[in-house]
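Taking it in order: structure first as structure tokens, then the write-up.
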Amino acid sequence: MAHSLLLVDDEPRIRRVLRLALEDEGYEVAEAANGYDALAVLRREPPDVVLLDLMLPDRDGFTVCREIRRTSDVPVIMVTARADSHDVVAGLEAGADDYVTKPLVAKELSARIRALLRRVEPANSRQSELLEVGDLRIDVAGAEVTRDGTVLPLTRTEFKLLAELAGAEGKVLSREQLLSKVWGYGYFGDSRIVDVHIRRLRLKVERDPASPKHLVTARGLGYRLVS
Amino acid sequence: MRGRFSLRGRVMVAYGLLALGLSSVLALVTWKVVSDYLTEQRQSSAIVETSDNAAAFHYGVFGAPKPCNPAREGAECNSPTPRADVDVQALLNSLPSTDAASSMVYYSNRWYASTGRPSDLPPDLIATVLDGHTAHRSVTVGGQHVLAVGVPLRRPGEAFFEWHPLESLDNTLRTLKITLVVAAIVTALIGLAVGRLASTLALRPLAELTRVADAVARGQLDARLPAEKDRDLGGLARSFNQTAADLERRVAADARFAGDVSHELRTPLMTMLNSMQLIQNHRAELPAPVREPVELLGDDLDRFRRLVIDLLEISRDDGGDQGSREIVRIADLVRAAADATAGREVTTVAPEAEGLTLQADKRRLERVIANLVENAEDHAGGCKGVGVEAGGLGVIITVDDAGPGIAAEDRDRIFERFGRGETSGRGRGVGLGLAIVARHVQWHAGTIQVTDRPGGGARFVVELPAK
């Protein structure tokens, strides 16, 4: 079954060429020229992945991203002009799962999309599909985390990150390892993606996100999950 | 002079010389006045004493002076008659000797002396005194500095002499001399110190100017001099700040221009790249005559993409990108970047360099390694190895190639934008890659240089500070 994409960009030529190239890569592509249309399409026919340009005419991409996050855990890849700008961190804080920079090519984009859509695979087969870390119950097969019987509203990427850390059984995972396992990057993925996702995850799974008990930073090394 | 000494040195020396000159003049004047006064005092007291002794001698020889009326008894007055039973030598010995070392008298055409020898007296002094004038001379007798004083007696051709030791006067004058010389030297030293203080105070704004100008030269273009209230320095500070502001504006405008141009290029570039990818995906369906042109187009499009990305990278730096620093295991980073760029294993890590970490911007360092390896692969006969070892600033990374090497005169130029060796015969397209490398290395406070690789080819050596 072909995955569906929602392409949000105000530049018609970009939309046209990306649609052609992505369709050639085997995706079903819907288009939206602005944030308003994008949210409408999202409600009408939810896509598997949203590709969101941050420079939109009616409202900026960050607002659209937050709007999407209010109702959906669909993976969002934002398109930014520059990797170094504060836009990247702001976009990730707004709920984006990953980012790509212009000029982007459909083939690279396709690799990012596949990484986001990949299902969580348990770190080793002996492990049960149900992990318990402190008061958190992580159902790997059902992609659900519960605390005191309540389901925590994690996005798919946040869940994958938590599951990878849980699978490491308390060992430290470096940012490079997490980037590779969760986002499918090589060594040179942007470690800010990990940092921002950890921050977002703490807001959801920690009782006191300011002094995290589960998601612990190992300075200069990476992160680990402790019960 | 100007070349040998700093401005501060010159001000110091000027103050020191001025102080030395003034204190020397003062010391000389003091010396002159005080020594003259003391010498005069000593002389007059010696003359008074000698005159007293001469009077006493006279009394002893001639008895109490008779009233003398020159008009009537002038001859009697000038030539009194001596007492008959007088013993001149005994009389001389009985004179009170306060501080006179010796008394001598020339009487009745012969010398008498209590101590000392009349032959030690200077002949011209004897002549002057016998002529009827009181006189004195400073002479050295038996190694002793004395003042010889002569007083004529009543009868012409007879005189009384004494010498008075000048030892204590000499001691006093020597002490005075030492004191004055020491005072002059101390004053000169104080002058030097004041000069140093004054020049430091006066040069403080100049030192500040130097610091700020250095900062600007190092690329910190927003460095400014503090507003200066002083009238003499205010103008300098204002025009310096004006110049720095102009420079900053121009650099920012240049960066914006490059950034804007490449930004504008990105949309058409994206259309072209994706269209080309589509065409190449369906290469097999193309008619034979267009396959080669499409390939050519694809290659140049790729080069174009790299140039735009490089331009963006450069303008990003000029735009003052702060970057992000994180702790990086350098061996892992080099291995990942170099091997991926070369498409094979090219990295050798020395065992002691394996665990080395540094504070680095991963993205920038990746560009450094990738660009160097790419440069070796594309323009210099292939990468012959990448090395990581501990040493230098902390870690040394070498990238070897199999090219013709780089001529010594080109070794700086290749790191300039679009700079390429004139004589090394390197291929086209060096472009911005090495300029980006140099900037990123500098951003990490590291150094880069090119040397010859043992066995031919060039070796790029990057040193980065470890943490």
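In case you wondered, yes, glycine gets a Cβ from its N, Cα and C as well.
Feature annotations, reproduced from TrEMBL:
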- A:4-117: domain 'Response regulatory' (DOMAIN)
- A:ASP53: 4-aspartylphosphate (MOD_RES)
- A:128-227: DNA-binding region (DNA_BIND)
- A:128-227: domain 'OmpR/PhoB-type' (DOMAIN)
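According to DSSP, A:ASP53 (4-aspartylphosphate) is assigned to a strand segment. The helix, strand and coil residue counts that DSSP assigns across the domain 'Response regulatory' (A:4-117) are 54 helix, 24 strand, 36 coil.
In sequence order, A:VAL8, A:ASP9, A:ASP10, A:GLU11, A:ILE14, A:GLY61, A:MET78, A:VAL79 are the residues of the chain that are 6 or more apart from A:ASP53 (4-aspartylphosphate) and have a CB within less than 8 Å of its CB.
The average per-residue pLDDT of the prediction over the domain 'OmpR/PhoB-type' (A:128-227) is 86, rounded to a whole number. Residue counts for the domain 'OmpR/PhoB-type' (A:128-227) by DSSP state, with H, G and I taken as helix and E and B as strand, are 36 helix, 23 strand, 41 coil.
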